[in-house]
There are 2 protein chains.
Amino acid sequence: MGPKLGIVAGGGELPGLVADACRAQGRDFHFLALRGHADPKVIGDGPADWIRLGEAGTGFERLRQAGVADVVMIGPVRRPTISELAPDLRTARFFARVGLKALGDDGLLRAVAAELEHEGFRVVGVHEVLADCLAVAGAYGQLSPDAQAEADIARGVEVAKGLGALDVGQAVVVQQGLVLGVEAIEGTDRLLARCGELARDGVGGVLVKLRKPGQDRRIDLPTMGTATLAAAKQAGLRGIAVEAGGALVLGREAVAVEANRLGLFVIGIEIVA
Amino acid sequence: MGPKLGIVAGGGELPGLVADACRAQGRDFHFLALRGHADPKVIGDGPADWIRLGEAGTGFERLRQAGVADVVMIGPVRRPTISELAPDLRTARFFARVGLKALGDDGLLRAVAAELEHEGFRVVGVHEVLADCLAVAGAYGQLSPDAQAEADIARGVEVAKGLGALDVGQAVVVQQGLVLGVEAIEGTDRLLARCGELARDGVGGVLVKLRKPGQDRRIDLPTMGTATLAAAKQAGLRGIAVEAGGALVLGREAVAVEANRLGLFVIGIEIVA
């Protein structure tokens, strides 16, 4: 167990999983929950301060008061509009420095990480606190991709790498060599729903999720769990490929069981740069 | 006016525009209309044979019987499934040669063009028969992009070029530097509808449509018309940028009038490879 962990919490269930991991290790933690993003049910009765995104000054202060040394940033944060931000002085100075154009892409998250370090915190990656969730190489369940699925995965990797290099998306759906959809900011759920409607007859496609080239693993990793499997099944896919060491698979055992139940494959693939 | 023109007609209004251009020039033409793709209202009472996609043998024969020398392929054709194809012997031989994996991307269209030339036809580009529709450089209406829109266009060009190099899409929507969506096979209408829902507060985004690098201009060019303007307005965009010399703008005057009426810009931009 390490020093007290600050969990800057965005949306979804990931912040809760980090807290669970801390509890399991007997490690102290403190949530800095982002209002409008973090889910109160996920934060639960854990020690927490709630702030708006625009209250960086308050946030740094709260983390310090809580005695936090390491900080992890976890869970999606929708790009704010300026009016939502209503930045405090500290935040306004920050935006003046990084430039508002940083808003909305990985640049913002990288800048926030740099700012946290500048304030004396150590920014740790979710893969360090949720090491069990980092995707491993190989099949998670009983099924593996056949030759067509392998070819679709290869095409998906090619496209996802190209997209990632442009700092756009992390996810691609390919069916029989045809790219059904690529993800920008809409999220994997919407991508899958759309691709379900666009799917062609014959054997179903695959979802490929990769880390962006050069992506800071401390900040944002592509993620999948049993809900992703359900959405993939609904969209007529045959399986999901994630980057080994570059994606999070939430609940290895649960994912394997659900993949088997649905008749899908889940596979961690090694990506060479 | 040239020799009799064969118009292999897919969906949308473009085949009708080509026929109109022929009529205006006093040039004879003959439709080879693809059943399930071509719109009977667009084909109208023009001289036409209807075939299924799988009837290449019949199609070549019909074009020859009609005395056609030049052929233009125009209008989107949804990737067929094998059962829809039910290929005739001639088509089956063709697929055996090009390989079924060619289905669904530009490779198929390129292969069909090569096959037509192999059969003695000359494949001409729509930009040759609809020269008036090829996008010109500069603003179509009264409005031009401001600095933010220029920056969004530049980002869109960067992403569209990267996507095009991967043979995926031709269209990208960018708002305030954020890539709201990238097009795969869903088409620009669906892309715009989705981006309307994903748009952020503040000044609206832009749609950028480019030709894919190396794309054969005889086969498939990105296209826009007044309907695209209406969808862009609906999605909260401020304008559309298309590649000068690499996209079709259907009805230059009508597009300018509609752009002015809706308060959008439409601009043809020069792309350096």
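Each Cβ is built from the backbone N, Cα and C atoms, and glycine gets one as well.
The structure displayed is predicted, hence computed values, not measured ones.
Annotated features in TrEMBL:
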type   : residues  : note
DOMAIN : A:4-132   : domain 'LpxI N-terminal'
DOMAIN : A:137-267 : domain 'LpxI C-terminal'
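DSSP labels the residues of the domain 'LpxI C-terminal' (A:137-267) in these numbers: 50 helix, 28 strand, 53 coil. Averaged across the domain 'LpxI N-terminal' (A:4-132), the predicted model reaches a pLDDT of 81.
Using DSSP to sort the residues of the domain 'LpxI N-terminal' (A:4-132) gives these counts of helix, strand and coil: 62 helix, 22 strand, 45 coil.
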